[in-house]
Amino acid sequence: MQREEKQLEACLDALISQVSDIKNSLVGFIHKLENEYDRLTWPSVLDSFALLSGQLNTLNKVLKNEKTPLLRNQVIIPLLLSPDRDEEIMRLTEGRVPVFSHEVVPDHLRTKPDPDVEELEKQLSAEAARITSEAAQKQVQSMNKMCSNLLDKISKEERESELGSLRQNKQTFNPTDTNALVAAVAFGKGLSNRRPPGQGGPMAPGQTGASSMLPNATGMQVPMSLPPNQQQQHMAGVSMSQGSQPGKMPSSIKTNIKSASMHPYQR
């Protein structure tokens with residue numbers, strides 16, 4: 001018997017502590033709503049709700065614990081009723097109950113709801129009993145359909161929001177390539193100083209002049225049969241052009257290209 005009494009006392013102490021924490025959280029939240037509503041933010045409200053939810057879950061765990069005795073089996077009986085002011089009750093109830101008389105006992109030790117609430121519950125129970133099973137099934141199906149449509153809309157909005165955030169955060173360029181291009185254009189980083197052959201400048205040993213640019217120029221030579229006077233004039237023009245530029249190598253590519261262009265279809 002003493003063991004059960006100790007367990008009951010420990011359970012009551014734990015419940016009083018949990019309820020006191022919940023009460024303090026509620027008082028602080030109500031104070032914010034009444035006095036700090038102008039600068040109250042939504043994250044702060046969510047934090048307050050999360051704190052209250054966690055404390056209520058802890059209280060439920062204490063009540064459902066195996067070591068917690070069944071409080072419903074315990075009976076509370078007032079041993080003394082007095083119309084006089086009781087300071088101890090004032091301290092325990094924080095000034096809310098000054099006396100413990102016949103007027104307040106039915107309210108504070110009530111095991112049933114208030115009469116108004118009890119009457120409303122009876123009306124709702126009577127209305128639920130009058131509904132047929134078919135009508136109730138239709139109402140349930142209608143409610144399920146509405147909930148499904150609402151869930152679909154919420155899921156669609158969530159997907160669209162995620163896709164929009166992905167489009168905004170998607171990177172459309174490579175930072176490495178961009179930095180390399182900027183460095184090449186601004187500072188010439190990574191560019192080669194060599195010139196391609198045939199673009200001017202001194203030629204390396206072993207390289208020829210224009211013949212290196214046109215490797216198939218020799219294949220463009222086409223035998224021509226010209227009259228003797230035109231052939232002499234043609235050869236004289238070539239010799240004059242070669243003689244007018246002393247110190248340069250004679251170029252036959254110009255003549256060959258010219259002759260090829262005059263008869264493109266001759267084989």
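For all residues, glycine too, the Cβ spot is worked out from N, Cα and C.
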(message) In Swiss-Prot, one of 1-26, 79-104 is tagged coiled coil. Which stretch would that be?
(response) 1-26
(request) Please work out the mean pLDDT for the residues of the coiled coil (116-160). (result) 92
